[in-house]
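Undergrad: Below you'll find the structure I mean.
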Amino acid sequence: MWSSLFGWTSSNAKNKESPTKAIVRLREHINLLSKKQSHLRTQITNQENEARIFLTKGNKVMAKNALKKKKTIEQLLSKVEGTMESMEQQLFSIESANLNLETMRAMQEGAKAMKTIHSGLDIDKVDETMDEIREQVELGDEISDAISRPLITGANEVDEDELDEELDMLAQENANQETSKIVNNNVNAAPISENKVSLPSVPSNKIKQSENSVKDGEEEEDEEDEDEKALRELQAEMGL
């Protein structure tokens, strides 16, 4: 009530906005100074170029005046750069302080939320709830064991020794069948191996003729190669 009458609420709102406004204004002014800095550097370069031109023309008076302007602009540039450095430091400090403030506010809100959550809890209630959960878990395990228990009784159980004997008999039968297959295959293959197949002889005259034709072809190719070489040498001598 009293705070609203004396305007404390509005002042608190203004205090919250003041850091942000200060940061914005500082950044704007730093940008303005940065533009001024670039302009002054351009003027310094121009004055130096004018001094060089006047010297080449032999006009030392005008060259000296250009250098004086350059010195004046350099002094102004130094002041602008110093102001920029101070404002950048101030901006960094305000941003850091504002970040700390916002962090503190967030942590306070988190603490309030945790307090609200824990207001309806105490250690006794937690222990009681955990005991109930453990009981239900144990009950669930017992139910799972009961459901997964086999329904076969002792009267329906199979003799393991009897199963082993039957398995050995099946293995012996398989071995006998494989042996009989091997014997039958050997018996059927024996007559075929005894028969000899005679093949006709191959004439050798055609082979000799083909060899001679190949040699003749190679000799003709060698002669053609020599002719081509001679022709190329003649063309080279004639400059063709």
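Using the three backbone atoms N, Cα and C, a Cβ is placed for every residue, glycine included.
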Undergrad: Among Thr20, Thr72, Thr129, Thr179, which is annotated phosphothreonine in Swiss-Prot?
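TA: Checking Swiss-Prot against Thr20, Thr72, Thr129, Thr179, the phosphothreonine entry points to Thr72.
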Undergrad: Between Ser78, Ser93, Ser119, Ser144, which does Swiss-Prot record as phosphoserine?
TA: Ser119
Undergrad: Look through Lys36, Lys69, Lys229 and state which residue has the annotation ubiquitin cross-link in Swiss-Prot.
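TA: Annotated as ubiquitin cross-link in Swiss-Prot: Lys229.
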Undergrad: Between Ser10, Ser193, Ser201, which does Swiss-Prot record as phosphoserine?
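TA: Among Ser10, Ser193, Ser201, the residue Swiss-Prot annotates as phosphoserine is Ser193.
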Undergrad: Do any residues at least six apart in sequence from Ser119 (phosphoserine), in the same chain, have a Cβ closer than 8 Å to its Cβ, and if so which, in order?
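TA: In sequence order, no residue meets the Cβ cut-off.
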Undergrad: Work out the three-state DSSP category of Ser119 (phosphoserine).
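TA: Going by the DSSP assignment, Ser119 (phosphoserine) belongs to neither helix nor strand, so it counts as coil.
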Undergrad: Calculate the distance in Å between the alpha carbons (Cα) of Thr72 (phosphothreonine) and Lys229 (ubiquitin cross-link), and round it to a whole number.
TA: 89
